[in-house]
Amino acid sequence: MPVWLIRLIVVFAAFGLLEIACRSGWIDAYTMPPPSLMLVYAWQVLASGRMTEDILLTLQNVGAAFVFAVVIGFLVGVLLHRWPRLRRAVDPLLASYYAVPVFIFYPLFIVIFGLNNWPLIAIGFLFAVVAMVINTLNGFDRVPRVFFKTARVQGFSRPAEVWFITLPAAAPYLFTGVKLCVAYAFIGVVAGEFILAGAGLGYEIAFAYNNFDNRTMYGLMVFLLVFVTVVNMALHVWERKLHARRSRGG
Amino acid sequence: MAQAQEASNSVRSERARGLQDAILVVLGILVVWQGLHWLAGDVAVSSPWATVSRLVELLLDPGFWPNVWETLYAFGLALLYALLGGLIIGVTLGGHRLSGEVAEPILVALYSIPKITLYPVILLLFGLGMSAKVAFGTIHGIIPVIIFTMNAVRNVAPVYLRTARALRMGPLSTGWRVLLPATVPEIVSGFRIGFALTLLGTLIGELFASQRGLGFMIIRSMERHDVPTLLAVSLLLFLFATLCSWALLIVDRRLNRRL
């Protein structure tokens, strides 16, 4: 039996058990409806169209945070790589960055930017950017030295060396950074919407929760989790392919 | 002799430069902070000086400490569950090749979903209070510990295990004398990430589901627009998180270098 089939069976079995636990009343229906019903709720909420605007808004904010994080994270990574002394100095900060709950700065952003999309984008950006910095550094560190020697022997110019050697050799690691940026931008933006926002998926879930509207809450929650999982897994599979090709190519 | 002297001198000057750099970084942060304060004003960012004096005031206030203990207690409990649970599940999955392969992408998927979405479910299951916070911290921290432990156990060189068998070591002493020492460096790396995420999860839990604790103080000062307190508590958390994470990083690097 192939591994993916077993995996599928395991996932389905987990949901099946949850379904049984809910249907048999072991988890009461108010706390959690059975997963099959959650899917129905998700479909109803999406089909009604009343959440389309919120979904698009969240996606737009995640997208903006993602783009800023990738571009700025990459540039900072390049800067730190070129300037080892600065890198050594900020290294402890980078290493402990994710131990600091970035959300605590969210209220500051609201005061600085006002209650609009920018605080959310800023929080998603802050959450994602360091992953890009770390992976950019990691990628550049792992370009084998012999590549540069070959480039020098071949008389490559500096831009040609960066374009034909450094970037392609570091690409799989850069992609890992990009992948993490997607996941972290989502986490940051949705968390910000939970804490304080007037629209968006996280806001609507929190709103439904506060109004005991379990149908909307579970429907949106399932939609969000399935959507994020599909995006992340697609990126994960792609990343594995890139890394496999690199290790084969040497 | 002279060479040794020279080497120790260069180590010392390297250390001095490292210290100098660290001081420069701290100064840089303070300058940016002060600049933000001037730019955004007292309503958004209290100055470094005002924040530190507020923090000292809080630390001297006996009413502040129950909040600290509450958070530390919830965090400690969540950390314990995340580490122990992650270790047990990780060793089990790592020891059995097929289950590890089946589980890995599932774990990766769980790792990267926005778990904050699940907080209504956690609240409905556990109710408001300590258990919800601990549960929230645990679900954040346990997954990286599982992933790192699993990979560590999986990558143990087979020759170690064969040697253990040849020496007729029992499963317990194999685990204690072979498996554990061989996997400790990677497991410590996992603990480091688990530590950070457990803290994050516990604080998020406190933001939403608590009447006490530092997370609760944060959300309350957010609502009351009490910027100095908000920043003082944030600063305390930042210092705590950075110091712990730095200590773990040093242990981590030392262990990984030894191999």
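Cβ from N, Cα, C; glycine included.
Feature annotations, reproduced from TrEMBL:
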- A:55-235: domain 'ABC transmembrane type-1' (DOMAIN)
- A:62-81: transmembrane segment (TRANSMEM)
- A:93-115: transmembrane segment (TRANSMEM)
- A:121-140: transmembrane segment (TRANSMEM)
- A:182-205: transmembrane segment (TRANSMEM)
- A:217-238: transmembrane segment (TRANSMEM)
Among A:93-115, A:121-140, A:217-238, stretch most in contact with the transmembrane segment (A:182-205) (C-beta, under 8 angstroms): A:121-140
Candidate ranges A:93-115, A:121-140, A:217-238 - greatest C-beta contact count to the transmembrane segment (A:62-81) (under 8 angstroms): A:121-140
For the transmembrane segment (A:121-140), distant same-chain residues with Cβ under 8 A (at least six beyond the ends): 61-62, 64-66, 68-70, 72-74, 76-78, 80-81, 87, 94, 97-98, 102-103, 105-106, 109, 113, 166, 169-174, 176-178, 180-182, 184-189, 191-192
